[in-house]
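The site 'Interaction with DNA' feature in TrEMBL is assigned to HIS33, ARG146, ASP150, TYR155, ARG316, ARG516. What TrEMBL records for 136-584 is domain 'Topo IA-type catalytic'. Under the heading region 'Interaction with DNA', TrEMBL lists 169-174. For TYR314, the entry in TrEMBL reads active site, O-(5'-phospho-DNA)-tyrosine intermediate.
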Amino acid sequence: MADLMFIESPAKMKSISRYLSGKEIELFATYGHIREINKRWTGYGDKMFEPKWEDSKREVTFEDKKIPIIEAIKRKASKASRIYLATDPDREGEAISWHIYSILGEDNQKKCLRAVFNEITEKAIKNSLNNTRNIDQDIINSYLARVLLDRFVGYKLSDYTRKKIGGASAGRVQSIALKFLVDRDDEIKSFKKESWFVLRIELENGLMLSTVQLNPDLLPEIKLFKEQKKGIVWFQSKEGVEKLIQSLHKDYQLMKVGETKTENINPPEPLKTSTLYESAINKLGMRANVVEKTAQKLYEGIIIEKESIALITYPRTDKTDLSEDFVQELKQHITDTYSEKYLSSDQERNQKIVKKDKLVQGAHEGIRPVDLTMSPEKLAKFISNTSPEYKLYKLIWAITLSSFCRPAQNEKKTYFFTNNKNWFTTTENREAFDGFKKIMRKYGLSQEQQTEKDLSAVFESLKTGNNYPKKQEHIVEESTSPPSKYSEATLIKALENKGIGRPSTYPTISKIIQSRNYATFINRKFEITELGYKVSKDLDRNFSNFISYDYTRTMEEELDNISQSKTDWKSFLQGVFVDWDKSFKKAEKFEIVQDRVCPDCEGELIFRYSRWGKRFIGCRAYPVCKYSELAESKQPEEKLDTLCPECNSNLVKKKSKKGNYFNACPNFPKCKYIEGRKTQEGVKNKEVPDRVCPKCSGKLVHKYSFKSKSEFIACSNFPKCKYLESVKKS
């Protein structure tokens, strides 16, 4: 019998099969997860946290017939001599392998071997087959804890937001990401702008001088902006700058030249998931979902000369380490292509290297090219250089090479000028060594601002003691800027800095927030909606201990601890669920409308929010009773001199839903008198003499329809008997 290898993606089959020629191994793709947690309530047993799984309804072709994926897996497994579980090398991949293993019988389970590889290359696949292992139960426990935690919190929070706020859903990480947007929005709203003025002197030779110190004699006359420290002088008013200008002569004398200082600009680290998204969004203008799809294609393989070839390592990783073998190849490539002076030393390069023994055990690497002979120039011969695949590969290539290059070096020299005991400076910046920037510039990824003109010759001509005439003074108003709204890149970076979320969650967070109408995406920035603001503030008010940066980070750390066998997953869930339950019970107390009951069922009225964030009053018995009204600020009801004919209370003026005014009894619903209605004397429930209901022989009574504004006759046994007739008919 042949061996069997399970993978989750059919897109990888062609790439992997290239390296299995000559081996009797059949590939079978599961198309992702084959089981999902039950969608009813939390989907697990309350006491032992045993998940209730639902098999995938997906069908595949097996021996020319369409059969369920689960059945196909079992049939394939029964015919194999060995079963390689070769799904992705992350938590989700481990979970898919575990699900496959779990549905197999005991005999087939004995055949199972876990094979892990970070890149689709002949060497990596061969290593994985020679170094198989068992399924990592600690990773599975972490997966189960995460799934159940997210289901429990997501189910209860979503139920709460739908009932009380009108939100579509809420979740553990989703809600904290929304909090980032709302907190930033609050910062922007509370921001107070501060302005000041600076003076810049343009010399005839083209140099621009900045004011750094005033003549002491001028200080009593000129107000400065706040307390001044060493650096550029900030003036409180434009008038202060003009006073300084009046005291200045035409010529500025060069008094001294500072020492040359060298500044290192360090290269980027190898890419991980978060920095891949940030770089692709900022440098290539891609959206997060495009980065996700494109990186997956590059990992699984793209068609080159009729063959599927994988180009990068696994794209979902929080590591920046690179394999020992690849680093040796990379160092040689940099030396051969750019010369040895560009290669960083081991002291300059602070990256770790994954040892071979760790790599065969499935340790993650950073995101890198798998083959250094496939340069972007070579790839451009096979695919369009405007395609997202080419652009993203070029970015990964350039950053990987740059990460092992020497830093770029700038030399800075400051020149000090004086004019009537006032001091001014200008700084010469010169690139001494381009270092890693050589590669970034080569591939158009440096994003450096170009200076308008080269002033190096002017700086060389300067001599201490010489005078240099001014061309023009520039009074410039500057001000503080409010914090920027989050982009996809800055939100991902903020989440990572707080230790929130994991590589697989970054692209989905943005998608969920927008699909729930909590935020829109305008000009590459998130704009919080009214509904998103209300949902976040309500969650913050009622679940501040849980919807917080520190708590969410702690949860992520605990889930990581479970995967390392440091924490028991069931004990962890037990403690977390008890704490959440207390908060849910407290938060579910609705804001009740005082001194009123539902006019339809006499139930309790409460304040709710629509899905668009509008506040309204609704019946607590919803959806059984669907009464609702706008929650306008109530005006005091005008008391009238006219008495209610049924209970002798003073009538009051009321406003209908349509905005029309009418007079009614204030004792509603005990007394339902409304002035002008034909529902009282003479009409409502007045018995029809000498007649009975032709359907049930019950009494017939007069009724009034407010919709058609007409009288009709109906059976008194309504709703059991629904007989009715118009008054004209009678």
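Including glycine, each Cβ sits where the backbone N, Cα and C put it.
Locations of recorded TrEMBL features on the structure.
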{"residue": "HIS33", "record": "site 'Interaction with DNA'", "Cβ contacts under 8 Å, 6 or more apart": "GLU8, SER56, GLU92, ALA95, ILE96, HIS99"}
{"residue": "ARG146", "record": "site 'Interaction with DNA'", "Cβ contacts under 8 Å, 6 or more apart": "ARG91, LEU559"}
{"residue": "ASP150", "record": "site 'Interaction with DNA'", "Cβ contacts under 8 Å, 6 or more apart": "GLY171, ARG172, VAL173"}
{"residue": "TYR314", "record": "active site, O-(5'-phospho-DNA)-tyrosine intermediate", "Cβ contacts under 8 Å, 6 or more apart": "ASP88, PRO89, ASP90, ASN118, GLU119, TYR299, HIS364, GLU365, ILE367"}
{"residue": "ARG316", "record": "site 'Interaction with DNA'", "Cβ contacts under 8 Å, 6 or more apart": "ASP88, ASP90, THR273, PRO503, SER504"}
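A separation of roughly 15 Å, to the nearest angstrom, links the Cα atoms of ARG516 (site 'Interaction with DNA') and TYR155 (site 'Interaction with DNA'). Look at the recorded sites TYR155, ARG516 and count other Cβ atoms within 10 Å of each Cβ; TYR155 has the fewest. Summarised as a single figure, the pLDDT of the domain 'Topo IA-type catalytic' (136-584) averages 90.
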